[in-house]
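Step one of this worksheet: look at the structure below.
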Amino acid sequence: MRGILKKISQINFGLMSPEDIRKMSVTQIVTPDTYDEDGYPIENGLMDPRLGVIDPSLRCRTCGAKGGECPGHFGSINLARPVIHVGFADTIHKILRSTCRKCGRVLLTETEIEEYRQRILDAMEKEESLTPIIKEIYAEARRDKCPHCEEEQEEIKLDKPVSIVEGDYKLTPSEVRERLERISDDDALILGVNPEVARPEWMVLTVLPVPPVTVRPSITLETGERSEDDLTHKLVDILRINQRLKENMEAGAPQLIVEDLWELLQYHVTTYFDNEASGVPPARHRSGRPLKTLAQRLKGKEGRFRSNLSGKRVNFSARTVISPDPNISINEVGVPEIIAREVTVPVYVTEWNIDRMREYIENGPDVHPGANYVIRPDGRKIRIYNETKEVVLENLKPGYIVERHLKDGDIVLFNRQPSLHRMSMMAHQVRVLPYKTFRLNLCVCPPYNADFDGDEMNMHVFQTEESRAEAKTLMRVQEHILSPRFGGPIIGGIHDHISGAYLLTRKSAVFSEEKVFQILKKAGLPLPDSRGRDWTGKEIFSMVLPDDLNMVYRAEVCRKCEECLEMECENDAYVVIENGQLISGVIDEKAYGAFAGKILDHIVKEYGTDAAREFLDSATKLAIAGIMHAGFTTSTNDEEIPEEARERIEAHLRNAEARVDQLIEAYENGELEPLPGRSLEETLEMKIMQVLGEARDKSGEIAESYFDMDENHAVIMALTGARGSMLNLTQITACVGQQSVRGGRISRGYDNRTLPHFKKGELGAKSRGFVHSSYKEGLDPIEFFFHAMGGREGLVDTAIRTAQSGYMQRRLVNALQDLTVDENGRVVDNRGVIIQNRFGEDGVDPAKSDYGKIVDLDKLVEEIRLKSKG
């Protein structure tokens, strides 16, 4: 029987009255025990069969359903004395502070009450927040004298978590409840309690609802013992103390004993609701582990909302380590066969595909491509085994669904956590490959922020035709080459792709025709007609460029000369492409690198994403073939400089240290002029930092002048943007430089000095963290210590920044998740409230912009000039 579907129009939150709790309850719970000796639930105990059943062999005594089908039913415990609900302690405190201790009226005049009532009713009608009005009322109603009965009021304090103290007297929950009962419905509304769904005195409990057994199931351990849920443990404590309190009250026990037991009951009820309430020791197991009670089930990352509602575990997904594969397309993902055999795609059997489906069923679950299940038209699912194959094949007809293995060309979602932006989850096409790791094209690493040092990634397989079509259209990797953050390519060549392209296209790169054909074959590119002569690397690279491409730009290797020599550039950094031919310039990061690739950016915007994918696939394969042909290796010999260079660097650093000593002397003699807005000490520090910074840069320049750009592979990597920078090489070869902590020189440590090896008050370069040595020659112990201080700050800073930005992201996502751009280009929320009249104030999609600019005029003019020249 199908249920009647109803649409939820609104949700109201209120409080349950004691009568509601009793009405909802199917039985009163009085026995603190759970099961008898035979293992059956005890009547009126915490596992009473009327509260629902979890054992599949038993039936619920309330609804008659079996375990697994019964939703469970509430019970109730009548408390011997009232207790305060810890969740409402703050509200009770505010209400008591704002009402008269004698007559129970709000401490406002009739005129004020009427005015506030009207404001509240208006806000309720407009569905606006009442919080600011209620806050204002609580602040206004803190008066020493009741305007209605002239009674003097005493100071009421909340002693966390639930003790209410008036003056020096601690109010009992019964007295608190009596006071709350005196408040009229009209006054309750003013205090933020809607009398239609709640009364203030219901915040003090007289009846405790007992949740159904389905909410707190007991488990059977391997030893055969039953282990109860934390909530059940807590309810046992509440029942025991409640029973003792009742017995002591009936026996006329001394007031002190009754009050102690009452306090204990309050403690157990408090920790039942929230075991992390401030000012209360948490209830623990015998092992010392704190109990996980109601609030802990809902709160935080492991709680119900974030762990089970916002995020769930899903079927049809796989996770394994990733490895690089430069030979698959950027749109593809290599899937291990073992995964392809396990994760399935449902396919409807039709008269057109029935023969293929038969083949899959014939192969069965162990041979790829096969099938694991068949679903009959009546919804019954049949697992395919070698024994059941024949029967399934006989009965197979259109209308059946076959759950087949993943095969080449299937569309899947691929994701790497943390998913910080749109491109952390993209659609790829499957390539089933041997071995046990996912294979990923290296160009797609930047958007996922992936590397291959043990990263794992997730794959999700679509189960419907609509989702596959949607993903293929909107989510394929090639649709995300341009980042919505800055309008440039985020997918592009990295590391070897860039070094390889440089080696292939530099001036000295000339190849025999035989070598050209070998390189093109290795790259999997079509072979051209023979030209009967040697080829330049530029001619080879031109084969992957679109025929009518015209561009001019300066490459990454450009040294920013004062006057650009253009085509005469000695570094070949002036790139000119005319009608798809690379006329001059080298190909490096600026051409097709992630974040910087100008050619790639141009192709995406002018020729579309299909052309961009083809270019990227071909160019990267060509670069890899080029680097394999040329050979590329690096070692510490690349950072070797002659003795003459070392002496020049040493002299320069000694000179800088002497200048620092002169500055310190001028400071000590009072001859140093302070900079505007700076103290003498700040001026000295700034000048020293400047001198030492210049010293490092200059020593780097000296070292750089001895490097050979043509043969030194470390320099090639740095200058082409493949990996690292010239600063890294400077530090390896010449001088590591000043270490900084909190943006300044190292100044803290021992009393008035950084280390006991220096004199007190010493301000010299060495004593404040200047590392004179280079990494290659090695640091002395003092330099090593200062270097570790600087590095430690970097590590701590990174860890803190990650946590802060993660929390910030969560808050932003939660706040902005319902904002959309409507068909008129306005930003609206899910209620239709307009946030912006034009998206981003200018209506421009950053992904379609030119690095943030709506149009790059210089680039356009240059292209038109080239076209007209052509």
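Just so it is clear, glycine is given a Cβ too, placed from its N, Cα and C backbone atoms.
Sequence annotations record features per position, and here Swiss-Prot assigns Zn(2+) 1 binding site to Cys60, Cys63, Cys70, His73 based on sequence analysis. In the three-state DSSP reading, Cys70 (Zn(2+) 1 binding site) counts as coil.
Taken from Swiss-Prot, the feature Zn(2+) 2 binding site applies to Cys100, Cys103, Cys146, Cys149, supported by sequence analysis. For Cys103 (Zn(2+) 2 binding site), the Cβ neighbour count at a 10 Å cut-off comes to 14, with all displayed protein chains included.
Note on Asp455 (Mg(2+) binding site): other Cβ atoms within 10 Å of its Cβ, all shown chains, come to 17. For Asp451, Asp453, Asp455, the entry in Swiss-Prot reads Mg(2+) binding site, with the evidence type sequence analysis.
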In sequence order, what residues of the same chain, 6+ apart, have a Cβ less than 8 Å from the Cβ of Cys146 (Zn(2+) 2 binding site)?
-> Cys100, Lys102, Cys103, Arg105, Leu107, Gln153
For the Mg(2+) site given as Asp451, Asp453, Asp455, which other residues of the same chain have their Cβ within 8 Å of the site's Cβ centre?
-> Ile322, Ala450, Phe452, Gly454
Sorted by sequence, non-Cys100, Cys103, Cys146, Cys149 residues with Cβ within 8 Å of centre, Zn(2+) 2 = Arg101, Lys102, Gly104, Arg105, Leu107, Pro147, His148, Glu150, Glu151
Closest by Cα to Cys149 (Zn(2+) 2 binding site), out of the binding-site residues Cys60, Cys70, His73, Asp451, Asp455, is His73
Spatially closest candidate among Asp451, Asp453, Asp455, the listed binding-site residues, to Cys60 (Zn(2+) 1 binding site) (Cα to Cα) = Asp455
Out of Cys63, Cys70, His73, which of these binding-site residues is nearest Asp453 (Mg(2+) binding site) by C-alpha distance?
-> Cys70
Just give me the nearest neighbour of Asp455 (Mg(2+) binding site) among the binding-site residues Cys63, Cys70, His73, Cα to Cα.
-> Cys70
What Cα-Cα separation, expressed in whole Å, is found between Cys70 (Zn(2+) 1 binding site) and Asp451 (Mg(2+) binding site)?
-> 49
Across all protein chains in the structure, which of the binding-site residues Cys60, Cys63, Cys149 has the highest Cβ count within 10 Å?
-> Cys60
